[in-house]
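Engineer: According to TrEMBL, the record shows the following:
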type: TRANSMEM; residues: A:21-40; note: transmembrane segment
type: TRANSMEM; residues: A:46-67; note: transmembrane segment
type: TRANSMEM; residues: A:102-122; note: transmembrane segment
type: TRANSMEM; residues: A:134-154; note: transmembrane segment
type: TRANSMEM; residues: A:160-182; note: transmembrane segment
type: TRANSMEM; residues: A:194-216; note: transmembrane segment
């Protein structure tokens, strides 16, 4: 457990000192969301209708953007090899990193989502549903992200590959994430989507550290 | 864990070991035997497989054939191998103290306290400085301090003298000497001479 | 050829497309096989191509 | 860290040696190719000439004879890859790596064909080339996964290392595909209630089932043939890499 906290605190410390990385990510999130009205027109009714989708797409892209930082620098400076010699299982290290990734790449986006809600003319109910669905869904994105980053860490051109690999896997997260907000299917469907999203997140967060650790261990071997 | 506490009689042995990367065998039929308190110097031209052998001993690469045994090592004690490679595993934005505390946390078997380890490698005054401001030699010393904060019986050092000045090399020899005196084992790959008496030498040939 | 009804062009397009795809797949497989065989012979391993390694 | 000395079954041992595998399976390629050719000839004759138009869809039903087999292969090939991935991870079977690598582009090709024929079938039937219905959407996602796997293979220099990493990803994909399918079905029924054509309508008459079955086997045997041929090529390619590396290192062991 000791080692787990060491990794977690190191990761968070590194992101906080990362020279405004978190700020960049949040800005990216807000700007992607704010650019959409220029493309589809400032019609408030239309914007309010597609706002959940925009927020989710912006969060999805922003989280993909931060993936390269997950294992890339650790591999470059030799830390990853030493993780494999550490006294805690590699999967625990990966789990700590997934949690740190969520805290530094997803939580700031959720905190910034009111800005987007305002710009996209969301009403209060759908805003709160958006926050809830982001809270429930982003852990799954972080878990898939860890898998994508882990399988590409040993390659030379991993940067763009990881998003390509995990985007198809993330389809259910987007579907249930937006389904939990959008009123299309009525409240029953939204409720079901929330439950499915939570189940999916739970499963991905529990299983992804093992898959990612396996991929790192065998990719480095 | 104190300096005097000695590991149980320890012996690192390899049997007909073949090492390499992927399918390419770099060296084969390696039969090493290093017992507690002894060091082994790996020599050989570039590309002979020194680094690969060290990585294989550490368990970071799997052997292509043969086997590695560490006799007398209690599994409950935790991992047996410290590996110190070309890369220092130091992140510029963390201070020396933070770096060491982190390694102490995940490597287990805490030995020297962080402050003492930094004192030992001569970085006490730079302890609170971001690692980015350390010179290459100082970063190397910090990497060596990582070996001190967690006790592990076998040190595998890959070119440990690189970037070290004369004083640093003397320091390194002292660290290895202390480790061996405490009943440890060291396997060192280096092109430089290390001022230690009881080092056996094992030479790897190219294309062996 | 029988008459394919009102949507003949779709049916023909589907068959032509699929069989062009299959032909490309087969062609590619055969080409890759030939190429590797030739390369192996260049490397002086032609006879041992079937029994690799020691 | 010790050598695995447990005795194994001999056929398994023989199959796990790349050279032996090629020697054992090469005689199979030609008969398989001939069988595939015959099946295709029979299937095409039945499909295009012998079978009558269907009652509701008319002649467009003939697209089904190429659509259903490719759609089946798009999933069957992934299953092949997933089983091979297990072979790589659990038994470390060397031919499993090769099988995984050979199957990925084939699977991508068959999935693309399934989408192509599906949209050509959709135009006369639904009046649109692309419909975001559950089946087509999840097939599209499957195509993306295949292409990602092909890209992942190509991104590695060392193919042995690549095999185990790709195997992990393939299995992650295998676990995810049912979830994707479920979520996409849920989503498409939410957005467009039952306007799409259902394949499980009236039971199909025999004259349609015959060409369908023949084509189904023709495509499956084609896949098996191509898979074997591609595996042989891949074994040779690895042999080439080994030889080239040896030549580069200048020793003639």
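Note that Cβ sites are derived from N, Cα and C of the backbone, with glycine treated the same way.
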Engineer: Ranking A:46-67, A:102-122, A:134-154, A:160-182 by Cβ pairs under 8 Å to the transmembrane segment (A:194-216), which is first?
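Structural biologist: Maximum Cβ contact count belongs to A:134-154.
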Engineer: Any residues 6+ beyond the ends of the transmembrane segment (A:134-154) with a Cβ under 8 Å from its own?
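Structural biologist: Distal contacts: 55-56, 59-60, 63-64, 66-68, 70-72, 75, 80, 94, 97-99, 101-102, 105-106, 109-110, 113, 161-163, 165-166, 169-170, 173, 176-177, 180, 194, 197-198, 200-201, 204-205, 207-209, 211-213, 215-216, 219-220.
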Engineer: May I ask whether the transmembrane segment (A:160-182) has at least three C-beta pairs under 8 Å with the transmembrane segment (A:102-122), counting pairs 6 or more apart in sequence?
Structural biologist: no
